[in-house]
Structures are given as C-alpha cells and as structure tokens.
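See below for the structure under consideration.
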Amino acid sequence: MITGAVLAGGKSLRYGRNKSLEVFEGRRLIDRIAESIRAFCAPVFIVANDLSPYYDVDATLVRDIIPHQGPLGGIFTALLFSPNEWVFAKATDMPFLVPALVEMMLECRDGYDVVVPVSRGQHEPLFALYHRRCTPAVGQALEQGEKKIVSFYGKVRVHALAEEQWRRADPEGLSFLNVNTPEDMEKLKWI
C-alpha cells in the first residue's frame, strides 16, 4: 500500500477563497480528491498549514512541519509521517483522477525514487509518486530556500513518464486539469 497526500496548504490567491472547499458535482474538491485516492492509498493525509477547514474530511490531518513552504514542504511532511515507503502526492485543485494512470505509475516505480508524468514538456510534480528515500533531498532543498518541487529531482532517481506513455491510460489528460480561478471551476461543468 502507499500513502496518499492531498496537498491543501495553498493560498488560493487567484481563486479568491479556499478552492479546496468549492463544490463540484455535489462534493467539495477536498472530499472528492481524498475519496478518489482512497482506492489505492492508505492512509490518506490532508497536509496543510491550517487544518481547521478540514476537520470534517474523512482523512488523517497532518500539519506542515515547516509552515509556509508550499507544496515542497507538504511533500516533506507527508514523507516524514508516512507509514509506507511510497507517497502519492496530489494537489487539492486537481479534481480528476484516472485510476489507470496511477496504476501505470505504480508499475514503473521499481528502481526509482520519483515517478512523475510529463505533460507538454513539464513535470507534473503534484500528481506524482515519491519514495521516502527522497526525504533527505527534499529537506536539503527546503534548507536552501527552494520552493520548486523539481529542485531536488537532480539528487534522486526520477522516472519521467512520457506523455505518449501516460496518454494510453488518460487520453484526455484529465488527471492534470487544475482549478486556479472561479472561471476554471465553471469550465469543469462542461467536461
């Protein structure tokens, strides 16, 4: 089993309010995401600086060990608290998950520390698998003031899942759609 980490510590500046609490198809984004990863993750963590909005979420709440470090800090926290060797990290503003893609990623993990899809030439680090072997490299990146998740990738073994590979599991790329503005949320209704 692997640990699921829903990273919910974002400031939602472009959205204007906590987007993880927005309702889509009758459920809050945070609940929808926690439920979707529960199929292959146990436990499921909600990692955030402020846990108070999430007391009613059916997941284990974990406060960021180093506050205000963004998603890199959230991944660090999840790795430290995980009872499992692997953590699946997912952003709270990515409402879709195609299980076949996660299964593909799990099949690719042997011999690697990170399994991360590449979409349009960019890593998708908020929909990725991280082995606890990454913990020292993530901690060092945080000590150096890094904010970008990919900043530690050069120090670990990364399997970058090519777009032509992952599109066999998720042809539409739904797993990588994210919600940054209220307009983005409106667009989801048409998907």
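Glycine too: its Cβ is placed from the backbone N, Cα and C atoms.
What TrEMBL lists as GTP binding site is Leu7, Ala8, Gly9, Lys19, Asp64, Asp93. Residues annotated as Mg(2+) binding site in TrEMBL: Asp93. According to TrEMBL, the domain 'MobA-like NTP transferase' annotation covers 4-152.
Leu7 (GTP binding site) falls within a strand segment according to DSSP. Taking the binding-site residues Leu7, Ala8, Asp93 in turn, the residue surrounded by the fewest other Cβ atoms inside 10 Å of its Cβ turns out to be Asp93. In sequence order, Val47, Ala48, Asn49, Asp50, Asp64, Gly70, Pro71, Gly73, Gly74 make up the list of same-chain residues 6 or more apart from Gly9 (GTP binding site) whose Cβ falls under 8 Å from its Cβ. Neighbour counts of Cβ atoms within 10 Å were taken for the binding-site residues Lys19, Asp64; the minimum is at Asp64. Annotation note: Asp93 (GTP binding site) sits in a coil segment as assigned by DSSP. On the 0 to 100 pLDDT scale, the domain 'MobA-like NTP transferase' (4-152) averages 94 in the predicted structure.
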